[in-house]
Amino acid sequence: MITTEIKRVKNHINGEWVESTGTEVEAVPNPATGKIIAYVPLSPKEDVEKAVEAAKAAFETWSKVPVPNRSRNLYKYLQLLQENKDELAKIITLENGKTLTDATGEVQRGIEAVELATSAPNLMMGQALPNIASGIDGSIWRYPIGVVAGITPFNFPMMIPLWMFPLAIACGNTFVLKTSERTPLLAERLVELFYEAGFPKGVLNLVQGGKDVVNSILENKDIQAVSFVGSEPVARYVYETGTKHGKRVQALAGAKNHAIVMPDCNLEKTVQGVIGSAFASSGERCMACSVVAVVDEIADEFIDVLVAETKKLKVGDGFNEDNYVGPLIRESHKERVLGYISSGVADGATLLVDGRKINEEVGEGYFVGATIFDGVNQEMKIWQDEIFAPVLSIVRVKDLEEGIKLTNQSKFANGAVIYTSNGKHAQTFRDNIDAGMIGVNVNVPAPMAFFAFAGNKASFFGDLGTNGTDGVQFYTRKKVVTERWF
């Protein structure tokens, strides 16, 4: 339930809500108003150790629960998430700031991830080949790996945790979850509903906090694997530190997603697609379009329509259904984004839509409106860096080949999109672009949960992505059995 009461957030360890053993807390404001809605503990190492101990003890019995029985628990959890989806969306808007429309979409994508987890028995099946030699059979079996941990960001406080712990738990593991200290309330509700579904205590544990919790997870000898989503520098740190301590790690990192606009595109749908990708969720998502490479032949027409439509977007509290762009997560992030806008102007880019000029009626929240730059080049910071905001850079290119070359010069390679009605253009793009997830006339090429989610280059550290068969392989260990009976 959403109330006006300022909440003191707790950890959930071994089936119980408990106060952190530490004394340090951090205020959690509503990004749309700046008013404090909660205090979250910055838990110390001792809290992580207790959570791991609980998960380790629970693993001894949970890993032996028949696979169909584990799925039945997840079906109950899925039902509870569906029954409470309106409340969950409102919590997201309250603490994250994204519009209620965007939050509702996130809830649905999270539910779809749990739907995938319920099918884990099928995805976990091994392989067998009889009579590989005289009287000898061979087979591959998949087993859970033990205690695993997830470290998740503020921008998708429901979807990303649900990529992780339901599938890991369906595979027979137990879990320690550390969500962003900026969005702790949704995590609490996810855990409450999880235990309402009848899971045994200790199967899922929640430890709130900051970098001390992260370091404790990475260094704890009883945690076998770590899933992470966040910025590129932190992802690199998590991967290097976790693997140094002998852990299996998947670390999904930053992005600078490009869209190539061809002269043969459907102009109206392309403009609306770019707007949705660049400015929905205030641009705070790793699959947002942040650069458009538009072919010269259509550039002026495309830009004119894009600017006109963007100027219609309203900025404000996400609970107001008229608003399209909500606040950024924190005042510090807003100041960082304003710095990038100033940098773009100083570097000589043309500011076509200035998100700094927004209606004063938006109040005291952390607002930056949709922003568009033209005349951007690869030497500018606004092209190079992940800004994580509703800031779009336009680069004019002569043809598809130049657009592909531009895109591939980025150090990131998460997602990329082409807008075209030409199958040959789409095929050339697909085969030559360096990105983990590719869209053809698809605004945000984030795959459904039954496909793997992972980028390339500085957008991903590890071997196996989240979701789909990648996720099952990450959360399980293979045993190859060769057997003969006399």
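Just so you know, glycine gets a Cβ as well, placed from its N, Cα and C.
Summarising the annotation, Swiss-Prot assigns NAD(+) binding site to F154, K178, E181, R182, S231, E386 and lists sequence analysis as the type of evidence. The active site, nucleophile annotation in Swiss-Prot covers C286.
Once the Cα atoms of F154, K178, E181, R182, S231, E386, the listed binders of NAD(+), are compared pairwise, the greatest separation found is 24 Å. Listed binding-site residues: K178, R182. The one with the lowest count of other Cβ atoms within 10 Å of its Cβ is R182. Distance noted between the C-alpha atoms of K178 (NAD(+) binding site) and C286 (active site, nucleophile) is 19 Å.
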